[in-house]
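Enquirer: Mind looking over this structure? Questions follow.
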Amino acid sequence: VTRGDFEWVYTEQPHTQRRKEILAKYPEIKALMGPDPHLKWIVSGMVFVQLLACYLVKDLSWKWVFFWAYAFGGCINHSMTLAIHDISHNVAFGNKQTKWNRWFAVFANLPIGVPYSASFKKYHIDHHRYLGGDSLDVDIPTDFEGWFFCTPLRKLLWLFLQPLFYSLRPLYVNPKTITQMEIFNALVQFSVDLVIYYFWGLKPIIYLIAGTILCMGLHPISGHFIAEHYMFLKGYETYSYYGPLNWLTFNVGYHMEHHDFPSIPGCKLPMVKKIAAEYYDNLPYHQSWIRVLWAFVFDDTVGPYSRVKRLCKRAKAH
């Protein structure tokens with residue numbers, strides 16, 4: 001699989017049909033849709049903890065700045081990117097308050113150190129609407145990534161550089177015009193960075209940004225990037241993980257359930273699996289994100305090419 005090409009399919013993504021079937025059989029699942037009342041408080045607490053950490057690292061030696069960035073701050077920041085993922089589905093304040101969700105995502109973005117939330121939102125809708133869509137779903141590696149990162153050492157390097165590919169790939173695969181929200185996101189982010197730098201110096205800024213980069217690269221939590229849609233078994237393009245790391249990641253491991261019902265907040269996805277158990281229990285799932293990373297690097301049949309691709313007709317802009 002790793003050498004050659006992606007797995008091209010000519011069928012619709014599986015989530016649309018499964019959603020219809022499950023809703024027809026279990027209409028009570030509709031009651032799970034809507035905002036998560038705790039999300040805004042959890043996220044605000046995480047932002048506060050990272051601001052406190054900025055103060056605490058300002059006088060540490062550089063080796064300890066990087067140690068705490070990887071062992072602590074980066075875990076919070078990676079978790080925060082998954083909170084932003086949830087917020088992008090309007091689950092912080094509900095669908096009627098879309099602006100509140102956007103602004104809150106900008107606030108949640110602050111510990112990450114670089115502006116990200118507005119751009120993520122802009123592309124993430126496509127990932128759901130056109131899952132695996134050629135030149136539409138920017139979650140899929142480019143041909144170059146698939147071709148070049150094909151040996152264990154190169155795949156390890158690819159995992160390490162994953163934050164870079166995630167941020168640059170959209171510009172190459174599916175460039176979009178910059179939105180007002182992205183400008184607002186950048187202005188707020190860099191203003192706060194400057195304030196932190198003014199009061200506490202460079203170390204807190206490096207602590208935040210290094211944590212983001214390190215923990216979205218080679219880190220146990222980063223197993224979710226590979227676990228979600230890389231094809232470990234032919235014919236299956238989305239996988240869930242039900243292990244303990246879901247506690248740190250807003251249940252992003254419940255990924256089949258999430259793609260079936262994107263408007264249900266992470267905290268309620270286990271209930272989807274419980275109610276519609278017969279739809280999920282017989283599907284393959286991952287038991288360990290660390291094992292996923294290990295298999296990705298050392299298994300010759302898995303690599304950046306191990307993705308399902310389809311040709312999608314672009315929906316007309318609203």
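Just so it is clear, glycine is given a Cβ too, placed from its N, Cα and C backbone atoms.
Whatever TrEMBL says is automated annotation, not expert-curated.
Sharing the feature lines straight out of TrEMBL:
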type	residues	note
DOMAIN	1-39	domain 'Sphingolipid delta4-desaturase N-terminal'
TRANSMEM	39-57	transmembrane segment
TRANSMEM	64-83	transmembrane segment
TRANSMEM	103-120	transmembrane segment
TRANSMEM	183-200	transmembrane segment
TRANSMEM	206-227	transmembrane segment
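Distances, neighbours, how buried they are, the whole picture for these features please.
Expert: Per-residue pLDDT, averaged along the domain 'Sphingolipid delta4-desaturase N-terminal' (1-39), amounts to 89 for this model.
Packing against the transmembrane segment (39-57) from elsewhere in the chain are residues 64-65, 68, 72-73, 76-77, 79-80, 83, 86-87, 91-93, 104, 107-108, 110-111, 196, 200, 203-204, 207-208, 250, 265, 267: each is 6 or more residues past its ends and has a CB under 8 Å from a CB in it.
If you look at the transmembrane segment (64-83), the same-chain residues 6 or more away from its ends with a CB under 8 A from one of its CBs are 39, 42-43, 46-47, 49-50, 53, 57, 108-109, 111-113, 116, 120, 203, 206-208, 210-216, 219, 221-222, 224, 248-250, 252, 266.
Remote same-chain partners of the transmembrane segment (183-200), defined as residues 6 or more beyond its termini with a Cβ less than 8 Å from a stretch Cβ, comprise 54-55, 58, 106, 109-110, 113-119, 208.
Long-range contacts of the transmembrane segment (206-227) within its own chain (CB-CB distance under 8 A, at least 6 residues past either end) are made by residues 50, 53-54, 57, 65-66, 68-70, 72-79, 81-82, 111-114, 156, 159-163, 166, 196, 239, 241, 245, 248-249, 252-253, 255, 286, 288-293, 296.
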Enquirer: Can you break down the domain 'Sphingolipid delta4-desaturase N-terminal' (1-39) into helix, strand and coil residue counts using DSSP?
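Expert: Per DSSP, the residues of the domain 'Sphingolipid delta4-desaturase N-terminal' (1-39) fall into 19 helix, 2 strand, 18 coil.
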